[in-house]
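All remarks here apply to the structure that follows.
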Amino acid sequence: MELSFTQGRWNYESWGGFDPISSSNAKPPGVELWAVFDVPQHHIDASWKNLTHTLSGLFCASINFLESTATYSTPEWSFPPASGNVRYGTLPCEAVCTENLTPWLKLLPCRDKAGIALLLDRPSLYRGFYHSQRGRCVLAKSSSVYLLLDRGLVAELKFPNKENGKSAANGLTSENFWSNPSFELSVNPDRIFLEESSSHSKSLSILYMFQVEKYSESEPFDIGLMWKVPVAWLCQQTPLHASRFLMGSGNERGAIAISLKSTQFTEGFMSANSKDGSCELRVDVFQVVPWYVKVYFHSLRVFVDQQPRAVSDFIEKIHVSPSKDKMSPGVMEVVLKLPCRVNTAALTIEFDKGFLRIDEYPPDANQGFDIPSAIISFPNFHASMVFLEDDSLNRSPLLSKFQEKCPVMSYTEVLLVPLTTPDFSMPYNVITIKCTVFALYFGSLLNVLQRRVAEEERFLKAKAAKKTGRLPLLLSKLSAKLRGRRREPLHSPPSSSSFINSKLVLKVILVAGLAVGWQYFFS
Amino acid sequence: MEKVKKKIGSFSFWNWVTASIIFRLILIYFPKNLNLSSRPEVSTPLTSFRRLAEGYWLKQSFMSPYAGSMYHGSPLLLSLLGPLTINSLVSVIADVVSAMLIRATGQNLRLAYLRSLESLDLVKQIEVSEFLFSGDIAALIYLCNPFTIVACVGLSTSPIENMAVILCLYGACSRLIPLAAFGWVIATHLSLYPAILIIPVIFLLGCGPDSPPRKLFLQRHQQKEVLNQSKLPPRFSWGPVIHFAFWAFLWSVYVLVLCGISLKQFGGLWEMFKSTYGFILTVEDLSPNIGVLWYFFAEVFEFFRNFFLIVFHVNILFMILPLAIRLRHRPCYLAFVYVAICSMLKSYPSVGDSALYLGLLGWFVNELADMQFSLFLFCGYVGVSLLSPVMHNLWIWRGTGNANFYFATAMVYACLQIVLVVEGVSAMLNHDRKLRNLITGKPQDAKS
């Protein structure tokens, strides 16, 4: 299981993407959670729900939003172990603040009163461009501070006796490696680790270790690095620089494009490696898209070196799990095989924007909705640094972590998709107007269907008038009324007026009698 | 003179037909993209070709075509239309076939009307020579209607659904019972609502095409005191109806078996019913269209959703019985009214549905000559079809309008259709009254 809280975006162009720190530790903005479950398949979703709720309570974050099936997905290949037991969920717009840091620190034995955590000064931490917390706690026996000199930096700095250092790669302190004309360290490192030869670059990283327990209140640990000469260096970058953006305008449809551009690393490395000309760079793309961004998978197109190419030429395998409305997001996993000398490559896919009900919009509906970061990984390359240690019993967990062979990964940007909103102030108006229109239809159609013509009634009246006597007249009128025929005024007005009067009196007497009886019955 | 007139009339009919086909072909092969297929008035989640392409792609990738809430149509359409690249030509062919069938049925109806007038001895009183050729007019209205052209060019499956409905009515009118059953089964399979056309079809097969009410014939013969049974319209006969039921059963079993085979490993028929009929009945997709249900179900509270779903669908079902009772002697007109009510109240209407009933309206130009508000309706239809894209653009593309603007045009459209149906029914009943007055010799009332 891995949980991370990140604010800011890792700048792959300046800060590199090939070393373990940027490959395994740089995380997408917001909250990311993935977990592998060991329970039977039908229990996994319930376990995931429990997990999200527990973590939400522990870390004071709204991780419980990940519990609904519309927010998490089941990747097939992207996360080792490749099985159906992995669940992956991310909240891209979750803001990270000190309330999230405090529960993390509570997990440490001395919290932030002593130890490493003393260094975590809130204002300076949150003022930075990028900060990330990740949960992968391995307890170390002793606390140390490490200073890593990147391969690119080491290539820039000119260490004396570099050739000697390569042969004596057993991590002993060597005077040659921490004194340098370009910089000066205020404290001498306790140990220096050299990286074992890396296949991907000529220079090797250097790791300085400072043990904190040697210092105390009287002799505080104050490490500083002073540059004597301005040094600029390029961190080693991922084979292809990945970025993602939206295309199209308007609130009806659009397209997502993932573009891969070659970096200096690619140019330098690939030309050295492509002996027979048939080397291929394998790129894995994993993308989760929420259900209201309805992706048309058949519109997936591949552009290599800015030329549209047939999809089957470059896509080795593709696994697609289409989104179900309100139920699950759309997952796309693509394995691309690009030629090593590729300059640029792009994947585009079109989508339609969905329409939600008014209760499905977040409070700020016009801001838009987030599409989480896509994960681009390069399985051909492993971002790991192997530092030889002589003391295998006392293995530092950080060095063990550096030695893990995990593929080089980079995260793309989070995309913000504006969706059209209905008018939120209108539910009652819409319902009443709609129902009025329906009543209009219903009433007028029934009226037209059952309407009887005037002549028919006049005919019936004429027939009735032939009969003598008031009682048959009364009865015929009553029957006409029951059958819903319109009452026509009679041809003899005087009799009608007295007739109406007597009828009125009869009605009044009837109603009065009913009222008296009711009162009597219920009093 | 009459023969010459007839010849000229039929000549210009074929002219018009070819002109409309050429116009459609021009629009299909127009170099600039007209973007008609993305208009919500034309393609709905049920009829969109793009979704059909997505369903076809999913099927080719060995996944269920209903896997992702994209495709909600019939699996038979997937197999038929998926591989075809020139999908628009299929719609053109469907339109032409529908027009020919409308023409044939119209001629049938006209002949039946003339025959019934003869047997009522009203030929002199009603100017028969002024009768328009309702079959030709109906076919031309159907072909040259901008709604039909847009639905054909705009990559929608509504021309095929319309063709199935017209096939059913043609078969029933011409007593071709297997054809009628086939049309009815396919129309119900493609979209759920033509199921209610079974009632006019039963009346058509039992009694024959449209004729004045039976009691008029009885009254006439009472007057003349000649009881010539051969001139009376035949009584309701159950034989053809049972024949039809048998064929309908056969065709539906065949269709279900075909669907079951194509969806065998993807969940079978239940999955298909849930994704097609269930989708239609539960109105899950709230994309805007020319109907009124989308905004309603976007705004209504969750608690009342099921209640209003039932109310709206019962609204269609409730009107079946009163209309059937009142218009049982005119089954084709009853079919027209049913089609109009369905296309007004269905979950995802489009202009293709309006094209169907406007075409069928052409069969009754002689009977509905006195319909009120005809100019108002015509101007209303023109106005709504012009304003609706404008309001949609304002709302979605420019952001200066509101959802209410577009919804208002949809409401006006619904009101226009209501007025059309009500006035049409009223005009037909008035026509029957006029005939009755002519027979019984009563003076004609101005407002009857």
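Every residue number used here counts from 1 along the chain in the order it is shown.
Quick reminder: no glycine exception, Cβ is built from N, Cα and C everywhere.
As the structure is a computational prediction, the values presented were derived from the model and not from experiment.
Going by TrEMBL, these are the annotated features:
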TRANSMEM  B:12-30  transmembrane segment
TRANSMEM  B:76-102  transmembrane segment
TRANSMEM  B:137-157  transmembrane segment
TRANSMEM  B:163-185  transmembrane segment
TRANSMEM  B:192-211  transmembrane segment
TRANSMEM  B:241-263  transmembrane segment
TRANSMEM  B:275-297  transmembrane segment
TRANSMEM  B:303-325  transmembrane segment
TRANSMEM  B:332-351  transmembrane segment
TRANSMEM  B:371-391  transmembrane segment
TRANSMEM  B:403-422  transmembrane segment
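Beyond the transmembrane segment (B:137-157), the same-chain residues lying 6 or more positions past its ends with a Cβ under 8 Å from any Cβ of the stretch are 13, 16-17, 20-21, 23-24, 27-28, 34, 36-37, 39, 41-44, 46-50, 52, 73, 77, 81, 87-88, 91-92, 94-96, 98-100, 102-103, 106, 190, 350-352, 354-356, 358-363, 365, 385. The stretch in B:163-185, B:192-211, B:241-263, B:303-325 that contributes the largest number of Cβ pairs under 8 Å to the transmembrane segment (B:275-297) is B:303-325.
Using the rule of three or more Cβ pairs under 8 Å, pairs at least 6 apart in sequence, the transmembrane segment (B:163-185) is not in contact with the transmembrane segment (B:12-30).
Counting C-beta pairs under 8 angstroms (sequence separation of 6 or more), the transmembrane segment (B:76-102) reaches the transmembrane segment (B:241-263) with 3 or more such pairs. Tertiary neighbourhood of the transmembrane segment (B:241-263): same-chain residues 64, 74-76, 78-79, 172, 177-178, 180-182, 184-186, 189, 201-202, 205-206, 269, 271-272, selected by CB-CB distance under 8 Å and a gap of 6+ residues from either end. Nonlocal intrachain contacts for the transmembrane segment (B:192-211), taken as residues 6+ away from its ends with a CB within less than 8 angstroms of a stretch CB, comprise 108-109, 112-113, 116, 161, 164-165, 168-169, 172-173, 175, 177, 180, 184, 233-238, 240-241, 243-244, 276-277, 280-281, 316-317, 320, 324, 328-335, 338-339, 342, 346.
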